[in-house]
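*Asks:* Input: one structure, supplied below.
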Amino acid sequence: MMMFSISLGLYELAFFHLLTHALFKALLFLCAGILIHGVGDTQDIRSFGGLSLNFPLVTVCMNLANLSLCGVPFLAGFYSKDLIVELACQYSWGVFILCMMFICLSLTVLYSVRLTYLSFVGVYSGGPSISVCESDHSLIGPVVILSFVSLISGPILSWLSFPAPVLIFLPVFLKWAALLFVSISLLAMLSLQRLVY
């Protein structure tokens, strides 16, 4: 999305997305590190599954980061991603560019839902997990702080970066296109996961 925004000449939006993206992506990597450490230092996601029982706090924080990555409304990623998508739709850049943008959004949702499903919903098939990671404050403290910061960074950085509101006028079908693509990719991923298992 940052490169896409730069290619459209929206440099301020690209920098804004860089800041918000850095926060929730860092949270995502910290949570993944805790999970990897907790399941015996394996990085094979196929051996994950059902970890929400042993890692409830990490589950909440990681899902918060995943939802923010997908651009769910009122999380940090929404404030930058939605603005880039709507400004790209407002200007006539061509149907091909808009389709590529919506496909990229859909792929983000696909791999985020896959990560959540394989880590927390599926059946655990690895060795014994170490839930003591949740009681280690040196591991959990930064995750909780970063979760809070990534929650409030979207609106705060938006108000600081763009003091005047941006007015965007779009046809109804373009306004709902992002939600439609995200919903289709979400349903596709869930149906693919059911076929695999």
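Using the three backbone atoms N, Cα and C, a Cβ is placed for every residue, glycine included.
Keep in mind that TrEMBL annotations are predicted by a computer and have not been checked by a curator.
Annotated domain 'NADH:quinone oxidoreductase/Mrp antiporter transmembrane' per TrEMBL: 3-102, in sequence order. Residues or ranges marked as transmembrane segment by TrEMBL: 15-36, 57-79, 91-111, 139-162, 168-192. What TrEMBL records for 111-194 is domain 'NADH dehydrogenase subunit 5 C-terminal'.
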*Asks:* Averaged over the domain 'NADH dehydrogenase subunit 5 C-terminal' (111-194), what pLDDT does the predicted model reach?
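*Replies:* On average, pLDDT over the domain 'NADH dehydrogenase subunit 5 C-terminal' (111-194) sits at 78.
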*Asks:* Against the transmembrane segment (15-36), which of these stretches has the most C-beta pairs under 8 Å: 91-111, 139-162, 168-192?
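*Replies:* Top-ranked stretch among 91-111, 139-162, 168-192: 139-162.
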*Asks:* Same chain only, please: residues at least 6 beyond the ends of the transmembrane segment (168-192) with a C-beta under 8 Å from a C-beta of the stretch. Say none if there are none.
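*Replies:* Long-range Cβ neighbours of the transmembrane segment (168-192): 70-71, 82, 85-87, 89-90, 98, 102-103, 105-107, 109-110, 113-114, 117.
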*Asks:* Could you tell me how many residues in the domain 'NADH dehydrogenase subunit 5 C-terminal' (111-194) are helical, how many are strand and how many are coil under DSSP?
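*Replies:* Result for the domain 'NADH dehydrogenase subunit 5 C-terminal' (111-194), in helix, strand, coil order: 63 helix, 0 strand, 21 coil.
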*Asks:* Mind tallying the domain 'NADH:quinone oxidoreductase/Mrp antiporter transmembrane' (3-102) by DSSP state, helix then strand then coil?
*Replies:* 74 helix, 0 strand, 26 coil
